[in-house]
Amino acid sequence: MGFTEKQEALVNSSWELFKQNPSYSVLFYTIILKKAPAAKGMFSFLKDSAEVVDSPKLQAHAEKVFGMVHDSAIQLRASGEVVLGDATLGAIHIQKGVVDPHFVVVKEALLETIKEASGEKWSEELSTAWEVAYEGLASAIKKAMN
């Protein structure tokens, strides 16, 4: 079964909730560093600070990550596959030392952040929609890394 219209709608509506509150970007990176403290050095906007501090670069990167997952949902619904819009993503992830467990940490942080942003609208169905969209994106990035 492919990505459904309802799944796309769930991702779209919760993406809008995420974008409305910049504090969700800080939450996202706080969760990542709680799960994988060593990942701090992978992010230029985090490596020189003692804790996660809001900044334009942090906001831009979080919006890019969540935006790419959102775009993946649209692509999965339209064509059943995710094609990276940025051909350098594989090389960037290699350069930063990203390995499979990092993708799991980011997925968990993404889902926890969307759960917080969605509030009472959170459901297993919503979680699954984001998870499938993220897995599509992660798979495309991993493919570009090889």
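Glycine is no exception: its Cβ is also placed from the backbone N, Cα and C atoms.
Over in Swiss-Prot, the protein carries these features:
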type	residues	note
DOMAIN	2-146	domain 'Globin'
MOD_RES	TYR24	nitrated tyrosine
MOD_RES	TYR29	nitrated tyrosine
BINDING	SER44, LYS64, HIS93, LYS96	heme b binding site
MOD_RES	SER44	phosphoserine
BINDING	HIS61	O2 binding site
MOD_RES	TYR134	nitrated tyrosine
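Feature annotations (Swiss-Prot) mapped to structure.
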residue	record	Cβ contacts under 8 Å, 6 or more apart
TYR24	nitrated tyrosine	PHE18, ALA62, THR113, GLU116, ALA117
TYR29	nitrated tyrosine	PHE43, LEU46, VAL52, LEU58, ALA62, ALA109
SER44	heme b binding site	LYS57
HIS61	O2 binding site	SER25, PHE43, PHE45
LYS64	heme b binding site	none
HIS93	heme b binding site	ILE141, ALA144, MET145
LYS96	heme b binding site	MET42
TYR134	nitrated tyrosine	VAL69, SER72, VAL106, LYS107, LEU110, LEU111
Query = Mean pLDDT for the domain 'Globin' (2-146), as a whole number?
reply = 93
Message = I want the residues beyond SER44, LYS64, HIS93, LYS96 whose C-beta is within 8 angstroms of the mean position of the heme b site's C-beta atoms, in chain order.
response = MET42, PHE43, HIS61, ILE92, VAL98
Key: Secondary structure tally of the domain 'Globin' (2-146) (DSSP, helix then strand then coil)   = 109 helix, 0 strand, 36 coil
Ask   = Roughly how wide, in whole Å, is the group SER44, LYS64, HIS93, LYS96 that binds heme b, by largest Cα to Cα distance?
value = 17
